[in-house]
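Marked as phosphate binding site by TrEMBL: Ser30, His61, Arg81, Phe82, His83, Ala113, Ser212. Taken from TrEMBL, the feature purine D-ribonucleoside binding site applies to Glu193, Asn235. As annotated by TrEMBL, domain 'Nucleoside phosphorylase' applies to 24-270.
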Amino acid sequence: MKFNEKVQQTREYLLSRINQCPSIGLVLGSGLGILADEIENSITISYDEIPHFPVSTVTGHKGRIVIGDLKGKHVIAMQGRFHYYEGHSLEAVTYPIRVMKALGVKQIIVTNAAGGINPAFKPGDLMIIQDHINLTSQNPLIGPNEEEFGERFPDMSEAYSKKLSALTKEVAVKEKIKVVEGVYTGVLGPSYETPAEIKFLGIIGASAVGMSTVPEVIVARHCGLEVLGISCISNMAAGISEQSLTHDEVMETTEKIKAQFLQLVKEVIAEM
Ligand code: 6GU
């Protein structure tokens, strides 16, 4: 079946379950899925019910979408995303972005847990993503161009919306939430980086590193979605702090920062 036909079938199915189309999409990273629990008048659909949707496996990811109202906006949230390191193709990893576009979404907020490389960062910081470096040696747009979605050579000169970043900074000041800004580097994982790799990433301009977001943002820009990216700095990367890295530390820090993360994103949505 042709790619766009698949997306249309997924869209038809979701439309049959909802009564209003979302305008904002949320991709919720490790430990940040709780934002979806705040959505009102919500309809929850697990990924395995949705035609052509991949199924998630990593712990801390629920694997469902929640559609409803948040701060006066109609939103669609992915609680649990797909990662390349799980063995999914990049087509699968980015499929939900195409589905959001097909449902009428105009803006997306992508969130993740990331390792801090900028030595001024602290675990628990919220970082507005200014830009990214794709270090995956992969690109989700490889293959015949999906003309229905966008052009062959999409511009990435403003991958992350300056307008939405500025809005987020304003909201953070108003809400007295500390935010930092920086460049997110996307790698494949699943092993964390060595200290030498982190030193290299720092030299090339990375502020933080993680295993998601880049493929989704490439596909989002291809189809013209406006993107806001927020990283929760869950730990410092290898060699930046003495501590060795564990997924448990990532989950513990996100647990602590949850309240501020929720408040920030909700107030931003209110102003979008
Ligand atoms: Cl240190 N590295 C990567 N690749 N992903 C992470 C991380 C580090 N910390 C949280 N996610």
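Each residue, glycine too, has its Cβ placed from N, Cα and C.
Keep in mind that what you see is a predicted model, and the values were worked out from it rather than measured.
With a cut-off of 6 Å between Cβ and the nearest atom of ligand 1, the binding-site residues Ser30, Arg81, Phe82, His83, Ser212 reduce to an empty set. Between the CA atoms of Phe82 (phosphate binding site) and Glu193 (purine D-ribonucleoside binding site) there is a gap of 20 Å, rounded to the nearest whole number.
The separation of Glu193 (purine D-ribonucleoside binding site) from Ser30 (phosphate binding site), Cα to Cα, is 18 Å. Taking the C-alpha atom of Asn235 (purine D-ribonucleoside binding site) as reference, the shortest distance to any of the binding-site residues Arg81, His83, Ala113, Ser212 belongs to Ala113. Counting in whole angstrom, Ser212 (phosphate binding site) lies 14 from Glu193 (purine D-ribonucleoside binding site) by their C-alpha atoms.
Arg81 (phosphate binding site) carries neither a helix nor a strand DSSP state and counts as coil. Look at Ser30 (phosphate binding site): DSSP puts it in coil. Here the C-alpha separation of Ala113 (phosphate binding site) and Glu193 (purine D-ribonucleoside binding site) works out to 15 Å. According to DSSP, Asn235 (purine D-ribonucleoside binding site) sits within a strand segment.
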